[in-house]
Amino acid sequence: GQGVDEPLSDTGFRQADAAGVFLSNVKFTHVFSSDLLRAKQARKNMFCKDLEIKHDARLRERKYGVAEGRPLADLKAMAKAAGEQCPSFTPSGGETLNEVRERAKDFFEFLCQLAVEAGQNKQVAHSAASNSLRRSEVQSVFPWTDHCGERELNSVNSGASKQLDANILVVSHGAYMRNWFVYFVSDLKCTLPTAFTKSQLSSVSPNTGVSHFVIKLNKENILRPEINCVCLNQDSHL
């Protein structure tokens, strides 16, 4: 939750370092993190070491109210006593799933606007520079294996430009991200990798699990983009 702002354990630091190595060849243009300590302590990789990490309260974990700081078994017992099931159960003082989703939606719409502005700035930079001084393209070199569906995604988007306006790293929390992904699929009709089922969206990402989405913005309506999920909750680096 949010109320118990514990630091990473030794295991957490090792997992975060492993994720950094896993993403070591990815060049990011922006880095955002939850402002909770366990997310802020995740170290940047070598290709974004010069970028400022921007901490945003909208990326915080779901608020669990009276259940915060207590074992998961206690939360499940509370839900059972209320005649409900996790994760839809909301403890007293906690956030509902809809409230978490609204936070995620608000942050994602902010990212869409950021990407549009990045694209506009790049166009200005290109028009002002000579061919010999053109700004370098941002390469998205993700270390996914074939089972993540990247090959299929690349074939679908084979006509797309290799140049990205924004390549954004977001560090957040399991329950929050699960709600964000459900928003992608249910509201924005995000496509999923082959053999991936919507029921898998209900599972929480393992610690330092990595998910990769390719987002194509619609100039007429940037808040209704085309979204393709390349990989969800990847943990092969652990």
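Heads up, the Cβ atoms here are built off N, Cα and C, so glycines get one too.
It should be emphasised that the depicted structure is a prediction, and the values quoted were computed from it without experimental measurement.
Features reported for this protein in TrEMBL:
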BINDING   Arg38, Glu61, Arg62, Lys63, Tyr64  substrate binding site
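Feature annotations (TrEMBL) mapped to structure.
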residue	record	contacts (Cβ under 8 Å, 6+ apart)
Arg38	substrate binding site	Asp5, Glu6, Pro7, Leu8, Gly12
Glu61	substrate binding site	Gly1, Gln2, Ser34, Leu36, Ser172, His173, Gly174, Ala175, Tyr176
Arg62	substrate binding site	Gly1, Gln2, Gly94, Glu95, Val100, His173, Ala175, Tyr176, Asn179
Lys63	substrate binding site	Gly1, Gln2, Gly3, Gly93, Gly94, Glu95
Tyr64	substrate binding site	Gly1, Gln2, Gly3, Leu75, Pro91, Gly94, Glu95
Can you tell me how spread out the substrate site is, meaning the largest CA to CA distance among Arg38, Glu61, Arg62, Lys63, Tyr64, in Å? 17
Determine which residues of the same chain, besides Arg38, Glu61, Arg62, Lys63, Tyr64, have their CB within 8 A of the center of the CB atoms at the recorded substrate site, and list them by sequence. Gly1, Gln2, Gly3, Leu36, Arg60, Glu68, His173, Ala175, Tyr176
